[in-house]
């Protein structure tokens, strides 16, 4: 999800469940790690991006796992990859990647040659030999072994260095994506127009105070800044939004999920997020290899990790509810006031795994679902085709939805939809076997007849920002807020939130 991406172990509350008493959650010690850890390496045209300086390599450990990197593709398309890195303003050295790959191939050939020589020597020693000749072969075998040990060490070192460099390379980019910074993004669609008010417009913070549905002050005392309590009708609104979004997306053939909200750091890395770098958006749990999720995209992406999916099972379409946690490192100013940018929030996320040739059409389907959802609530919004410098490392193309927020006096991002092609699947190890291919025989490589799936993700409902939009757009002169009709069945028939009598 494109929203910029905190402190509790949270309850798994099904968005389709009836309200039940909520138990006190257990406090978990958290910290933001300042150690720059190597992110997972990915394949070009799909890899991770991270702004790592040369000095950082002295503290970065060797990769704990390796992705399916197509280095041959990088070498053969060196100019296109370098141009893509430049257009996306990423810190990656394609010349060094190719240089390391060539060195690796040369050392690999030497190793294979020495292994062949060693086998020849071993076979010769099986026959009848004169003692002097046998001793000569023993010495030759010993020398070959010593040379192999040295070269195999070099091979491992080069492999790690190559993975380290490749992790700085972002996914390739759709040819229609505008080149440049965020200001170069183009409008894909404009829906509705701003509502005209005949009275002074309040922002959601003032509305929430007057309606007695938020408490930021108490949350700041309990948890710190950028936390909040929802109260009274705001609780019903959150749960109503979740149930409404899940129900609507399920009608389109998506399987509902609730997900773990604590995952292994490696899964976070494989999805393209940086869990322990400077200015990370991810909360890490101290003394463990686990993190709090910033989006359900991460645990949903991990469901089929290291698996081969039958082609007939594709596409796999999920709609997942989760709480999300983000450090919001570097975020400050009026744009972050109230609910707009917070550390913990509820979100409904869509996720698709499909055949490569279908990912562009499914990307269109996801943004159309978002547009239908927000149109049904009567919101004024625009859909943007985001420019190259605004794309995260995994995204091949990303559409953002920005809705008009009259209290804030500007458009604000409420959703996004990304096609990540095989960027994540090559790292997560998610393949499919085409129907026409024959399963490999026992002992043969399982990947010979398989291909990597494409993954896509999109936000159906990021609850806090939806609350901002609804309160500010549906406020009335008397201070009340009208509930849009599609949400009323999910809020016990509630039609309006009225100010509390003082």
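Placed from the backbone N, Cα and C atoms, the Cβ positions cover glycine too.
Pulled from TrEMBL, these are the features on record:
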COILED    97-161  coiled coil
DOMAIN    251-484  domain 'Aminoacyl-transfer RNA synthetases class-II family profile'
BINDING   295, 326, 349, 457  L-serine binding site
BINDING   326, 327, 328, 342, 343, 344, 345, 413, 414, 415, 416  ATP binding site
SITE      459  site 'Important for serine binding'
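For the binding-site residues 328, 343, 345, 414, 416, a Cα-Cα cutoff of 10 angstroms around residue 457 (L-serine binding site) retains 416. Distances between the Cα of residue 349 (L-serine binding site) and those of the recorded positions 328, 343, 414, 416, 459 are shortest for 459. For the ATP site, whose binding residues are given in the record as 326, 327, 328, 342, 343, 344, 345, 413, 414, 415, 416, the maximum C-alpha distance rounds to 19 Å.
Candidates 295, 326, 459 (recorded positions) were compared with residue 414 (ATP binding site); those inside 10 Å Cα-Cα are 459. Within 10 Å of residue 326 (L-serine binding site), as judged by C-alpha distances, the recorded positions found are 345; the full candidate list was 345, 416, 459.
Scoring each of the binding-site residues (328, 349) by how many neighbouring Cβ atoms lie within 10 Å, the top position goes to 349. Checked against residue 459 (site 'Important for serine binding'), the binding-site residues 295, 328, 345, 416 differ in C-alpha distance, with 416 being the nearest. A Cα-Cα distance of 10 Å separates residue 295 (L-serine binding site) from residue 345 (ATP binding site). In the predicted model, the coiled coil (97-161) has a mean pLDDT of 87.
Maximum intra-site Cα distance, L-serine binding residues 295, 326, 349, 457: 18 Å. Cβ crowding, taken as the number of other Cβ atoms within 10 Å, peaks at 457 among the binding-site residues 416, 457.
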